[in-house]
Structures are given as C-alpha cells and as structure tokens.
C-alpha cells in the first residue's frame, strides 16, 4: 500500500504541467539587474557626500535588498514546480545562499569603496599601488583575507546554492505533452536580459566551472528524460536556452579580450575569463577621466 501510494504521487508529479511563470522570471530579471548589476553603478554615480566612505554606500543597501528578495523568489519558484522537490536540500541551500551573499556584501562593500582611493581591480591585491606600500606589511595580509572572503568564500557560498536551486527546479520542468514544450512571447522577450545577466554573473563572479557543470548536468538530464518521452516545458526551455545564450556571450567576451596582455596577467590560468569590472578599471575609467579633464 505504501509503495503504491508513493508510486501514485510520483506519476502525478510526472504528468503535472505548469504555465510559464512570467511574473517570477520578470521579478528575477528586474531585481538581478537593479540590485546586483546596478549596485556598483549606484555607488559610483551617486554623490560621495551622501554616502561617506566610512558608511554603507547606496550599493550596499541594494545588496541588502538583494539578499532578502532573491531567497524569497527562489522559494516561490520551487513552490510552483509541478514536481515534488527535496525540501530539506532546498532549505539548506537557501540558508547557505544567504550566508554567502552576506559575507560577499561586507567584502564587496570595502573593495568597491577602495576604488575612490585609487584601487585598481585589474591588478592583484599586492600589486595595487595603494596596497603594496602599506606599513606594517601585515596589513597587506589583512586585505588579502578580505579579498578571499569577497571573491572566493563569499562567491562559493553564494553561487553554488543558487545554481543548485535552479537545477533542482529544472528537474521538475518536464512534460509528456509536446504542446507544453513551447515558449510564449513573454519568455522570448525576457530571454535576452536574463542571458545577459547570467553572462555578468559568470564573468564577474569567476564561476565558469560551476556554470558549465550546471549546464552539462542540464543537457544530460534533457537527453535522459527524452528517452522516457518527456520534453521540457516552457519554464525549462526558458532556463535552458538562457544558459545556451550565456555560453555564446561568454565565448564572444573571451575572444574579444583574448590578446589583452594586462588582463592575461591577472587571469593566468587555463580558463581565461576576465571580470567586467577589471575591464572597466583598466580601460573605461581612464577614458572617463580623460573626458572629464578635457
């Protein structure tokens, strides 16, 4: 009896269908662009007198809002899945996501405020002119620790749960009904901004390995489910195609900056994917300074 009940639930989950979640995907895209991508821009554009260097910047408040809104949207996305998903794993992932994003908030806040003191993101911590002359030299170790919390520990605890939750949701986006495997116009309109944001997330967060493994897992799941006669629904297609376009954008970005010797020095590994903000401080900030002096 227990086995049959569990089997009934499993079959019921398999044949449920879900309409395209335009509201959730729209809110995701909007808050990602405004609260994540827009936070360093807000910090730079708004007058420094409003947010002194020893106080949180406008970007920090954006980050705080992101840390609250994003977990809420992720939970809502999981709730709308047509398949029963592992709740414990979802909750643990959400907790880790909030911890990682909060750690990143502190490190990123200090690192971005250092821009006003001449810090250059295209250089390593020890190579920055404002850092390498610090006395005593142990202070440099402290800044390297801050960089570690920001770029490594914070990013890992932030992005690994984020992509894990997206993949868990993706596992429930399959249907045996061919008619459900179509994207509405709204999905097509959101795909561009969504893919461009994922490009920014992967390049700025330096998480290409995490992204590509998630993408490969998605492809493997699609091929496995296809053997069972199941296809992606509109939400699954939206997520899957967004990841494909993201990969194309990353390839274009790398090819464009392939011969940049300075960025090559900062990213010497096998996987060469420069950060957009490193590109900005290296090329664009000098251009802006020249315009202002002119």
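Placement of Cβ uses the backbone N, Cα and C atoms for every residue, glycine included.
If you look up TrEMBL, you'll see 61-78 (among others) marked as transmembrane segment.
Annotation comment: TrEMBL describes 90-107 (among others) as transmembrane segment.
For the transmembrane segment (158-177), the list of distant contacts is 13-15, 17-18, 70, 74, 77-78, 81-83, 85-86, 89-90, 92-94, 96-97, 100-101, 103-104, 201, 205, 207, 210-211, 214, 217-218, 221, 225, 229-233, 235-236, 239-240: same-chain residues at least six beyond its ends, Cβ to Cβ under 8 Å. Among the features that TrEMBL reports, transmembrane segment is placed at 158-177 (among others).
According to TrEMBL, the feature transmembrane segment maps to 207-224 (among others).
Sequence annotations record features per position, and here TrEMBL assigns transmembrane segment to 236-258 (among others).
The list of residues near the transmembrane segment (90-107) in space but at least 6 beyond its ends in sequence, with Cβ under 8 angstroms from a Cβ of it, reads 60, 63-64, 66-67, 70-71, 74-75, 78, 146-147, 149-151, 153-162, 164-165, 168.
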